[in-house]
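K.L.:
Under the heading domain 'GST N-terminal', TrEMBL lists 4-83. Among the features that TrEMBL reports, domain 'GST C-terminal' is placed at 89-178.
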Amino acid sequence: MANDEVILLDFWPSMFGMRLRIALAEKEVKYEYKEEDLRNKSPLLLQMNPIHKKIPVLIHNGKPVCESNIAVEYIDEVWKDKAPLLPSDPYERAQARFWADYIDKKLYHSSRKTWSTKEEDPEAAKKDFIEILKALEGVLGDRPYFGGDNFGFVDIALIGFYGWFYAYETYGGFSTET
């Protein structure tokens, strides 16, 4: 796929855009990066993601792929020759999708509450966040990656949160390590 045109519309600190940047790097796919100003969205972003009007958007040969986990799956399917991200076994692949979805639905909302909670109970937000991390730690077990010995889909779904842990801990008054 040497003649592919690949463009990534993103905003550098986005944990969701980071997923695509990592997946593309794992697959060694060359792409054009276009930084988006989220307060003044480009016409290209509005054209390529007219429903949500959000980043990241992967544009492959003029066609947009929106939503980060969907785009990571797309990258894995299109560039199959290097570093598979999803397991080949259908059950294991379904499990990887489940845990990536869990990260987006549970961890994302819970993590935001650790630093943005004003009216709600900050102790409840902290407890919920820690319980979600414990569930993920239980799935990981003693393996180096969620895919066992191979870095993959669930690792990519989670890795963007890592850079925010210090903020969660600071504003939430807890330690994820403990």
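Every residue gets a Cβ built from N, Cα and C, even glycine.
Not measured: the values here are computed from a predicted model.
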K.L.:
Report the mean pLDDT of the predicted model across the domain 'GST N-terminal' (4-83), rounded to a whole number.
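P.N.:
Value for the domain 'GST N-terminal' (4-83), mean pLDDT as a whole number: 97.
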K.L.:
When secondary structure is assigned with DSSP, how many helix, strand and coil residues does the domain 'GST N-terminal' (4-83) contain?
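P.N.:
Secondary-structure breakdown of the domain 'GST N-terminal' (4-83): 29 helix, 17 strand, 34 coil.
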K.L.:
Mind checking how the domain 'GST C-terminal' (89-178) divides into helix, strand and coil residues in DSSP?
P.N.:
64 helix, 4 strand, 22 coil
